[in-house]
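Novice: Feature annotation from TrEMBL assigns active site, proton donor to GLU130. Residues or ranges marked as [4Fe-4S] cluster binding site by TrEMBL: CYS16, CYS100, CYS198. What TrEMBL records for HIS45, HIS78, HIS128, SER226, SER227, ASN228, SER270 is isopentenyl diphosphate binding site. Look at TrEMBL and you will find HIS45, HIS78, HIS128, SER226, SER227, ASN228, SER270 tagged as dimethylallyl diphosphate binding site. According to TrEMBL, the (2E)-4-hydroxy-3-methylbut-2-enyl diphosphate binding site annotation covers HIS45, HIS78, HIS128, THR168, SER226, SER227, ASN228, SER270.
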Amino acid sequence: MSAPQEILLAEPRGFCAGVDRAIEIVERAIQKFGAPIYVRHEIVHNTYVVNDLKAKGAIFIEELSDVPPGSTLVFSAHGVSRAVQQEAEQRGFSIFDATCPLVTKVHVEVAKLAKEGYEFIMIGHKGHPEVEGTMGQLDHGIHLVEDVADVARVQPSQTEKLAVVTQTTLSVDDAAEITAAVRARFPSVREPKQQDICYATQNRQDAVKVLSPQVDVLVVVGSPTSSNSNRLRELAARLGTAAYMVDSADELRTEWFDGAVRVGLTAGASAPEILVQQVIDRIKALGAVSVRTMSGIEETIKFPLPKGLKIDAATGLEITQRNPETGPGAH
Ligand code: 0CM
Ligand code: SF4
């Protein structure tokens, strides 16, 4: 059997702006307030990231009743429901919200249209924390559909004011198909001006579409809980390329590369580049001699940190709301 000769790296791959920001919020909160910092749910769906932050002093919980009074609490990148937000406030925690601004944008849209009398069809995966957070912006009137079959079953109480929203990390193609089914059943449904699927999800899927036909096997670095990472593996498989997802280089199996000359490699939006490099080292040990990065969209988007955790790049001082420069408000 021939061994792999070349590794082709997808571009873009790995961390997105929302993940960068969420991790930085936890790290800065630990620096500023000291350990432990409590985080509701995995800050992002990645085992390495979560273990690294645990080692630095983060404690991950699912239930707010597990957070001691007076603690600092961070909400994960996937967002929370109104009920969770309210409970955290009632318990008096000091809260930092690491919800990705692109998820918050969907929450804001849901709240705004609900005030205008809209009911919603949400396309997403049942049980995913982002879906629970977005659906939990309302007490009622938001209906989940996971696939085209669900669209035929959904029963809104009226159809004049109906809007569609989606989870940010879906398969772009599946979401388009399900949205078309919603449109066919409810022709006047209101759709987002810009799709709710985020730029990072779109760009990583586009890169896999370019890469897959050029490789014999594709490896996706990502954790099993990560929706966007799973979608990358699934997409390559649908395109006819053997594709595997690994949480770390240890999970690679040599038989995947039997007869493979070119190996494609990408990473979900929550998977750190260090894991990609470890996977490269393992595949190189099997014989791959060259690593080539595909050309792709350059992502420059960056999201600001929440108030209270911002640092002025020039002075190294914390930026406060009262005095954003270097005056008495900074310390
Ligand atoms: O939503 P998903 O499961 O893909 O989350 P993730 O933590 O893997 O990726 C980043 C995000 C968000 C929201
Ligand atoms: Fe935000 Fe998209 Fe990244 Fe999720 S994958 S954190 S929605 S940019």
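The backbone N, Cα and C atoms fix where each Cβ goes, glycine too.
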Novice: List, in sequence order, the same-chain residues at least six positions removed whose CB sits under 8 Å from that of SER270 (isopentenyl diphosphate binding site)?
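Specialist: In sequence order, PHE15, VAL19, VAL44, HIS45, ASN46, VAL49, ALA77, GLY222, SER223, SER226, ASN228, SER229 meet the Cβ cut-off.
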Novice: Counting Cβ neighbours within 10 Å across all chains shown, tell me which of the binding-site residues HIS45, HIS128 comes out on top.
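Specialist: Answer returned by the neighbour count: HIS45.
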Novice: Among the binding-site residues HIS78, CYS198, SER226, SER227, ASN228, which have a Cβ atom lying under 6 Å from any atom of ligand 1?
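Specialist: The qualifying binding-site residues are HIS78, SER226, SER227, ASN228.
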Novice: Tell me which recorded positions (GLU130, THR168, CYS198, SER226, SER270) have a Cβ under 6 A from ligand 2; sequence order is fine.
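Specialist: By the Cβ criterion, which requires under 6 Å to ligand 2, the hits are THR168, CYS198.
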Novice: Can you tell me the CA-to-CA distance separating CYS198 ([4Fe-4S] cluster binding site) and HIS78 (isopentenyl diphosphate binding site), as a whole number of Å?
Specialist: 12
Novice: What subset of the binding-site residues CYS16, HIS78, THR168 lies within 10 angstroms of the residue listed as 'active site, proton donor' at the C-alpha level?
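Specialist: The binding-site residues passing the 10 Å Cα test are HIS78, THR168.
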Novice: Tell me, which binding-site residues from HIS78, HIS128, SER227 are within 10 Å of CYS100 ([4Fe-4S] cluster binding site) if we use the C-alpha atoms?
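Specialist: Among HIS78, HIS128, SER227, the ones whose Cα sits within 10 Å of that of CYS100 ([4Fe-4S] cluster binding site) are HIS78.
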Novice: Please list, in sequence order, every residue of the chain apart from HIS45, HIS78, HIS128, SER226, SER227, ASN228, SER270 whose Cβ lies within 8 Å of the Cβ centroid of the dimethylallyl diphosphate site.
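Specialist: Close Cβ neighbours, site residues excluded: VAL44, GLU130, THR169, THR225, SER229, GLY268, ALA269.
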